Amino acid sequence: MSNTDSVPNAAPPEGRPADKAPARSFLNQLELDLRLLGMVGAFIAVCVVFNLLTDGRFLTPRNIFNLSIQTVSVAIMATGMVFIIVTRHIDLSVGALLATASAVMAMMQTRWLPDTLGLPLGHAALPWLAILAGLVTGAVIGAFQGWLVGYLTIPAFIVTLGGLLIWRNVGWYITSGQTIGPLDETFQAFGGINGTLGAQWSWIFGLVAAGIAVLALVSARRNKIGHGFPVKPVWAEAVVIGIIVAAILGFVAVLNAYEIPSRVLARDFAARGAEMPEGYSAAYGIPYSVLLLIAVAVVMTVIARKTRLGRYIFATGGNPDAAELSGINTRLLTVKVFSIMGILVAISAVVASARLTNHSNDIGTLDELRVIAAAVIGGTALSGGIGTIYGAILGALIMQSLQSGMAMVGVDAPLQNIVVGTVLVAAVLIDIIYRRRVGGK
Amino acid sequence: MTMTETAKADPRASGTVDPRASGAKPLVELKDIRIAFGGVQAVDGVSLDLYPGEVVGLLGHNGAGKSTLIKILSGAYKADSGEIRINGEKATINSPRDARRYNIETIYQTLALADNLDAASNLFLGREITTRAGFVDDARQEAETRKIMARLNPNFRKLSEPVSALSGGQRQSVAIARAVYFNARILIMDEPTAALGVHETAMVADLIKELKAQGLGIFLISHDTREMMDLCDRVSVMKNGQLVGTERVEDVTEDDILSMIIMGKNPKREPA
């Protein structure tokens, strides 16, 4: 039942029946979501095992930094795939659409804008206009596919299977098959290593984020008390707050521990015509791309839980007829959901092409499978109506950890994919068993 | 209610109620409604009316067109031809949203609940209470749900669980609460007791009487002839998409109604 925890007020019902029982278990009192705990547990297990197998190389600040920037692109798209799958659709075109969006943005900043508007390469407006064009491309193509699905009632599987072939090659046409690069430097800052907050701002961000999390939890508690609903004991609330604050600040500390190599620093100083002081060091801190993912996660979670749009998405997934009879325009809703997916694909395209510093034809190949797998491992039910944003992000993180962990251990390439495929199927099986046992559907 | 009484006191009320004679204004008038699905005339020129404080029962075999007819009123289907009048004025109902605007609420046979959402989210589905910032106000929705449930079904406590975890009766309470909460004036109930136990059926019957006393007009669909005789003021029988007839319950016996359903005619009017 906690599988519906994306549904407001459906928060851990495991704790409810115990309300009357005199002895409540420790976990019940914390009112934590068991599914979330399971996924975090799986993630920690993956990390610990690979850390042992690699003699401690897996859990170094450097590798954690790399893991987080490798996860961003798929994770951003996975949050959108949650909405798609929750409304009982599927989107197989995300990888191909990413290529089209990336191609549009690359051409905008290197050819079209410089040629038509006469903006010189390196002009400050170039990356932003390019990104805007990419977002519009994603939104329009997404909306178009949503229209085909919602209004013309072509199954989403077919529409996006067609899209898988079409958009990859539209991207190919736009660029005449060439690799376009190098991309604008500001644009590249969204890729990861080329754009980070630095130690000081990372700490400030961490503290602000922790503060907001504490405030949100406290005000939610007050709100509950105000309406006369039961709340968990103060100590349990404190433990939850403690865990969250520790996790946020711990993540910042780890990223801040990854220092920029001194030769890179020396090069930067030299570029500015200055001498690097003796013993100078600086840390990368939080990459902008990770900030982007956090922003996307927050916005998507708010949409899912707190807006009518989100409520209608979940209602439609749970019972399309009921949604329709309740006056919800489910056709338009389909267009909106696919359009949101398109925008998120475009955001991912920024991150992915910026990370590579160029656009190539094969960018995003097989991403559709990674994205769907991340959403499904994260607990999104293909039967619709059930799924969470944080689950999808965790799913993406688990997949990426497995993949890069195996690469570090030196597992053969074919074996890597065999393992990932097995994990996907096993994760769904565990999910089905779990749901049956807690009495959900 | 006074209007029903006026109708009953009508000296000419030998058989059918003549709405025009009573002087009261009908809440709903369906005139010559027709709809076809791929060549099959599902509803074929049916005219019905409903007065405030009145329960009109719709009877007929499966496939007689009852559900289709009321789905036209509730906005799920659009009639091919015919006219709907609400309070004497012509109404255009193209979607469930339009129907809600005319204070028409429907409780469907299939309950029309989203199983994965909790009771409050279902109750307010499509009409969420929002905060000033435009976000759904879950706390208030839950508080309101608690209030209305205390009235309808005091045993209802599973407010924050998905409705898939509820029993048939509890689910029905949610569906009914949804209709009642938004001050329906016209209530359509499609087999509201089909999935319920004895006790819960009695509860729904009491509720229908209470709503009727409040002046709502209710269309009730059921296969249970006895229940219909008990709850309804008038019954309309349909067969093969056509209206066989509308009778006041005190003028007919259960057998009369059964023969209307089965043979498509009223033995009292058309002796064999």
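Backbone N, Cα and C define each Cβ position, glycine as well.
Per TrEMBL, region 'Disordered' is recorded for A:1-20.
Annotated transmembrane segment per TrEMBL: A:34-53 (among others), in sequence order.
Taken from TrEMBL, the feature transmembrane segment covers A:65-86 (among others).
The transmembrane segment feature in TrEMBL is assigned to A:92-113 (among others).
Annotation source TrEMBL lists transmembrane segment at A:125-144 (among others).
The annotation transmembrane segment is assigned in TrEMBL to A:150-167 (among others).
Residues or ranges marked as transmembrane segment in TrEMBL: A:201-218 (among others). Sequence-distant contacts of the transmembrane segment (A:201-218) (same chain, at least 6 residues past either end, Cβ-Cβ under 8 Å): 237, 240-241, 244-245, 248-249, 251-252, 255-256, 283, 285-286, 291, 294.
Remote same-chain partners of the transmembrane segment (A:238-258), defined as residues 6 or more beyond its termini with a Cβ less than 8 Å from a stretch Cβ, comprise 30-32, 61-62, 64-65, 68, 199, 202-203, 205-207, 209-210, 213-214, 217, 283-287. Among the features that TrEMBL reports, transmembrane segment is placed at A:238-258 (among others).
Marked as transmembrane segment by TrEMBL: A:279-304 (among others). Taking Cβ pairs closer than 8 Å, the transmembrane segment (A:279-304) reaches residues 6, 65, 68-69, 71-72, 75-76, 79-80, 82-83, 189-193, 195-202, 205-206, 209, 252, 255-260, 262, 265, 310, 313-314, 340, 344, 347, 351, 354-355, 388-390, 393 in its own chain, all 6 or more past its ends.
According to TrEMBL, the feature transmembrane segment maps to A:337-357 (among others).
Marked as transmembrane segment by TrEMBL: A:369-393 (among others).
Annotation source TrEMBL lists transmembrane segment at A:413-434 (among others). Residues 3, 35, 38, 373, 376-377, 379, 381, 398-399, 402-403, 406-407 of the same chain, all 6+ positions outside the transmembrane segment (A:413-434), place their C-beta atoms under 8 angstroms from a C-beta of that stretch.
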Among A:92-113, A:150-167, A:369-393, the stretch with the most Cβ pairs under 8 Å to the transmembrane segment (A:34-53) is A:369-393
Out of A:65-86, A:92-113, A:150-167, A:337-357, which stretch has the largest tally of CB pairs under 8 angstroms to the transmembrane segment (A:369-393)?
A:65-86
Recorded stretch that, among A:65-86, A:92-113, A:150-167, has the most CB pairs under 8 Å to the transmembrane segment (A:337-357):
A:65-86
